[in-house]
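The region 'Disordered' annotation in TrEMBL covers 1-65. As annotated by TrEMBL, compositional bias 'Polar residues' applies to 11-23. Among the features that TrEMBL reports, compositional bias 'Low complexity' is placed at 32-49. What TrEMBL lists as domain 'Kinesin motor' is 69-412. Taken from TrEMBL, the feature ATP binding site applies to 154, 155, 156, 157, 158, 159, 160, 161. Sequence annotations record features per position, and here TrEMBL assigns coiled coil to 428-459, 535-604. The feature repeat 'ARM' is assigned by TrEMBL to 734-777.
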């Protein structure tokens, strides 16, 4: 704040000071190296007032099981220029004793009250000193997986915003707690495995608004009925990668924060600012190796432990300053703001009193501020509170009230809990990879073994075949030789016998005959001897042939024995393969078991999210309690209403229906002949497309009161949900094509309404926007807008076109297919909800054009002006409905950013509205934008001079 920009320097503080407020010694947080399975909540604990310890508001770590007290520091603001003049003759109302961590509040010149705090920071304490003793221990706890809160409380103008939110761009030593905390967080996280995201909100007039997205104006608080955790699902979440982007987000948020000029502070914050930093860190688990032996081959099996994920949340709260109306001089709307601020601070004080006194009832629900800080006081977060006070004796009453608030807060104890869980998805991926490697290795070994068996078998067959062929050839050759020799021997014997016959045929006398006979007998003997010799030689050859045959048979038997051994080896290999297959089956069973546990955990998480809000647990009355197993029974289920009383049990949720029935069956009902079945099926698709933010709100499509929630869904379009979303599944399964087909073919206006609502939800994603345009979606929506008469149908169509108008890439195509003409044509309805969606679409289109002209990619005049939208904008610029007026004022400011549009806007009467916006608009950012446009544009300056406007 402007009045608190004093000089802060390091004070001299004792590093070993005593504290007598509490005797409990603070202990460090312990990191458990062996976390148990599943989600864990470990008590961290905390700290009482320290004795003989370095000056800080608690250390980074505490022992488990010890409660942690809220740590309180007091910081004194130096006198400002006004106080130096007005209080020059008076002493400060407080006296600081930083060495003993005490503060004296003067009643008069001779009497004072003494108070003791965890830390006392003088007016000379530097921003670095304040961060180290107040916030750094909390930041270190958040990095270890705990929730932490840093909060500033005090009178308006005492330096709360300076302490927490100072950016320090001109002087880096003036950086506040927010900037320094993010520097420490980014320095400690890993960009590969960790993530840091932030949300920046303000609580203004009991309404939670998004400082990063001003159009997101009414965010609801969701409380988990089991754990009591508080979440804001409608808030924008920005991923942080570097310090520069974080500072830009802080600057953007501060520009949207409400502030006013009062007597006590020229820039008094009129809202409570809340910065939420979510830190997600991953720690690798330990791997253990188990070895076992099968036969002679050892097999190593690795049991993998999943990584541990720790989620910490840092909440930095810059409370608006309490003030007395007679001193601040607030009036009109500023007075109403002051009343709202004081009421919320009063509710916070009541809760602190009840917690300090251990009351059985804590009025936590009296204010949205106390609901948001439920975890910070009496919850599971480490909390540090810095109370800021001023030295002026004129504000002694406010100073005393602030000091007493801090004293009571010191009595509040929290039970710090560590949030950690196993990353089962990562474990599943690692097991899949390991299983695929084992399967590939087994297949490779099996293929190599089969190839080896085939090779050996082939070689054995070739050897046997070759041996048999060789034996047959040799046997046949020997037989032919023996036969030839035998025939030659027979022929010789016959020739000799014939010759002998011829010799003895004509003998003349007996002597001669006897001589001849004796010669013949002698020759016969000789022939017989020769024949016997030849026969003996043949027998010898036959014996040799027999021996060769036996040798061949032995060779064959040897080959057969080798083949038998190969078959035995093959049987042994098959046994090994079967054992490997059994091992793979066991691993598959283990994987299936783990997948089952993951599915159970996912279903439990889904059930918890649906139990958070009673509305989110119920769907349209046309569904049964159980999902049928076949398509026919599913159609009957969709067609017939629930006949049981509402007290007989809860209805099945959309998530359970989607899980049990399947998306394909649900999408198949979009083509059913029964109109009621198609209507209910489209409603289910619309609920699934809501991305988990308001999953069951489409059962109230016909209710005009649904506008606020539907607007909030559209404002959440920029949020990205990790993992494969329902929208992606619907688009991949052909759901978008089916919805567009219903718009084209159906004549039922109810189907048009719910189908357009589902397309509006799908149009939240930039990828889906391009698909809708590519499939002719804008032309179908324009045709539906031209034929529809029901305001609710027109509101859904206008909402879908408004989402498409926010895409820079689709400007020309959207205009060419009649999107702008369709928006302008729907104003005929006159319904405020329809007009609000039309105005939002025009504002989105104008914003994209303004961005294009700033980047230098567009030099022509606005397409909105060419299509005749300007007269309607001017006519409704001062509309009574605030949503319509806010969007039109934004559209006018964006159109005026491009100098080419200035002449058309002056001739169309828009200049008068710009002047009015720059003076009377309730939104400071819009008012500032209009003022800057008027003062920087030469054309508008000339127009105001010509029209006699004094500006």
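Using the three backbone atoms N, Cα and C, a Cβ is placed for every residue, glycine included.
Unlike curated records, TrEMBL annotations are generated automatically.
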For the coiled coil (428-459), mean pLDDT (0 to 100)
87
Pick from 156, 158, 161: which of these binding-site residues has the biggest number of other Cβ atoms within 10 Å of its Cβ?
158
Within 10 Å of the Cβ of residue 160 (ATP binding site), how many other Cβ atoms can be counted across all chains shown?
29
When you measure from the Cβ of residue 154 (ATP binding site), which residues in the chain that are at least 6 apart have a Cβ under 8 Å away?
160, 319, 321, 322, 387, 388, 389, 402
I'd like the number of other C-beta atoms within 10 A of the C-beta of residue 157 (ATP binding site), please.
29
For residue 159 (ATP binding site), list the number of other Cβ atoms lying within 10 Å of its Cβ atom.
28
